[in-house]
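I have placed the structure first, in the form of structure tokens, so that the comments after it can refer back to it.
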Amino acid sequence: MWRELKPLGRAAESGGYRRYAWTAADTDCRAWFRAQAESRGLAYETDRNGNQWAWLGDPLAGDAVVTGSHLDSVPDGGAFDGPLGVVSAFAALDELRGRGARFGKPLALTNFGDEEGARFGLACVGSRLAAGQLTPDRAHALRDGDGVTLPQAMEAAGHDPSAIGADPERLARIGAFVELHVEQGRALDLSGDPVGIASAIWPHGRWRFDFHGEANHAGTTRLADRRDPMLSYAETVLAARREAELAGALATFGKVSVEPNGVNAIPSLVRGWLDSRAADQPALDTVVAGIERAARESADRAGIDLRVVRESFSPVVEFQHALRDELGRILGAPPVLGTGAGHDAGILSASVPTAMLFVRNPTGVSHSPAESATEDDCVAGILALADVLEGLACS
Ligand SMILES: [Zn+2]
């Protein structure tokens, strides 16, 4: 499976993956998923929101046990974030068939569409739509960097966008959703365990800071006469680091666009995107308010117009305690850890009992071509997932 996935959407220059939603690379990944499903005799379907499903047993029987993750990537992402959960789902099914497991409940394997939000700026679009956390109206208004709307992109990739939206009947058939994911941190490396269970997903969000100044000639405009938005932006980046350190939280400006973006031009506009996460809501509120306050003070001093827009937000997600305890019992009490990364499991947890398994990442690096997991740990993850599926679906 890894051999087939390896070349799909891979950028030769960086060695990273560019599997953005509804692009050719994404279509290739979807074709791979479908082929894997059909080669195992599973009933394949794509739902209204473009999420892929592979069923063993009757989808309408209810109380289904579902596992999977996503195949799309961030810009120059690693091989494991997302695909590890999908590959492990198929491999765990193979393992269970090898064990001669008899399923008492329907089992489904999934690939949720557009999890990373790399193209349209909103994460977990496929699961958000299904769970009714993203309205069709808002989804229709999403645009990529080239001005292509989400429905246009879906249509171009051969998916009918006319029926996107909440899918409560489908979610009502799920008794438990378990997502396996490569850890995006070093907790398991530090504890010396190959596999762990998620406790909660930190609240997190994305904010856009627009600093409007005045474009002018870099060679002829006196420093004192400038309204340079880059300076306020730079001070805001430093403030973000400071505020995050004070609160024990995380804050990152990882994307910036500059107009007119000329070496010899003072910018007219600097637009920076803040990603911030914290263990709880008050800490996150404190960090973001502190960053915004620092940005306003700097902008006011420099005659810059500042606009701050919250583009997305996900509140804290506590995974269902009963299911988490059940996984702990099945797996012999592995470590339980929180995470600052968002996941489809977090979105779905509002609608169905969900849990997550993490596989050790020796460096903690993620969203980068350097993301890694050892083959032994990947196998440990597959066996843990197989044990969980057996415990949930075969009892
Ligand atoms: Zn992921």
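Cβ from N, Cα, C; glycine included.
Long-range Cβ neighbours of HIS181 (Zn(2+) 1 binding site) (same chain, at least 6 residues apart, Cβ-Cβ under 8 Å): SER69, ASP81, GLY82, LEU84, GLY85, ALA341, HIS343, MET356, LEU357, PHE358, VAL359. If you look up TrEMBL, you'll see HIS70, ASP81, HIS181 marked as Zn(2+) 1 binding site.
Taken from TrEMBL, the feature Zn(2+) 2 binding site applies to ASP81, GLU116, HIS367. Secondary structure from DSSP puts HIS367 (Zn(2+) 2 binding site) in coil.
The annotation allantoate binding site is assigned in TrEMBL to ARG206, ASN264, ARG277. Cβ neighbour count for ARG206 (allantoate binding site): 20 (other Cβ atoms within 10 Å of its Cβ, all protein chains included).
Fewest other C-beta atoms within 10 angstroms, among the binding-site residues ARG277, HIS367, are seen around HIS367. Listed in sequence order, the binding-site residues among ASP81, ARG277, HIS367 whose CB lies under 6 angstroms from an atom of ligand 1 come out as ASP81. If you take the CA of GLU116 (Zn(2+) 2 binding site) and look 10 A around it, the binding-site residues you hit from HIS70, ARG206, ASN264, ARG277 are HIS70. Geometry remark: HIS367 (Zn(2+) 2 binding site) versus ARG206 (allantoate binding site), CA distance 16 Å. Each residue contributes its Cα atom, and for HIS70 (Zn(2+) 1 binding site) and ARG206 (allantoate binding site) those atoms are 21 Å apart. Cβ neighbours within 10 Å of ASP81 (Zn(2+) 1 binding site), excluding its own Cβ and spanning all shown chains: 26. It is ASN264, among the binding-site residues HIS70, GLU116, ASN264, whose Cβ has the fewest other Cβ atoms within 10 Å in the structure shown.
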